[in-house]
C-alpha cells in the first residue's frame with residue numbers, strides 16, 4: 001500500500017495535555033485525505049500506573065502485566081478513534097489479518113498492543129511489514145538517536161542517520177537504559193528483514209510529519 005503511512009506514537013503523548021493531542025487529530029484528519037493511516041499508540045503513564053498497582057498487590061505474572069499494558073495502549077487508541085471517527089475504524093485493531101481487511105474500507109486504523117510480550121515498536125514494524133510499507137514514522141520521547149543516554153552523558157553523540165546494525169550494537173551494549181531506550185531488538189530484526197526505514201522524531205513536534213513527507217529529516221533515520 002504505497003499511499004499508506006504507518007505512524008507510531010509514544011504513550012507519553014497521552015500524559016501531556018489535550019491541546020497537543022488535538023493537534024495530532026487535526027494533522028491526521030488532514031493527511032487522511034491523501035493517505036491511509038495506520039496509527040500505533042503506546043500505553044504511557046496509564047500503563048505504568050496500573051502495572052505499578054498490579055505489582056503492589058502481588059501480580060508477578062508477566063502475562064498479566066503485559067495485558068494491562070496492552071489495554072492501556074488500547075484506551076489511548078480509543079481516544080484517537082473517538083475523535084477521528086467516521087474516518088477511523090470504530091475500535092482498536094486486534095490483529096494483522098483484521099488490519100488488512102479494515103484498511104480496504106477505512107482511511108484510518110488505530111492499534112494499541114496486540115499480544116503479550118510485544119512492544120509497540122514491534123507492533124509498528126509488523127504493521128508496516130504486513131501492509132508492505134517501507135517506512136515507519138516514530139514519534140518518540142527523544143529528538144534523535146544517541147550513542148548513549150544524553151541525560152547522563154553530556155558527550156553523547158547524536159545521529160542524523162544510523163544503520164540498524166550499528167543501533168543493534170549500541171542496544172546490545174545496554175548503553176540506552178530505562179526511559180531512553182527507544183526501540184527493541186525484535187523491532188530492528190523486523191525492519192532489517194523487510195528493509196523498513198524508521199524515522200525518529202520528537203512527539204512534542206507533531207508537524208514534523210510534513211517535513212518527513214517532503215523528504216526532510218527532522219530527527220534520525222534508522223536504515224536497513
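Using N, Cα and C of the backbone, Cβ positions are placed for all residues, glycine too.
From the candidate list 33, 43, 215, the residue Swiss-Prot records in the UMP site shared with 66, 114, 115, 116, 117, 118, 119, 120 is 43. The two recorded residues, residue 8 (ATP binding site) and residue 114 (UMP binding site), show a Cα separation of 14 Å.
Of all the binding-site residues listed here (43, 116), it is 116 whose C-beta has the fewest other C-beta atoms within 10 angstroms.
Put plainly, the binding-site residues 10, 120 were compared by Cβ crowding within 10 Å, and the winner is 120.
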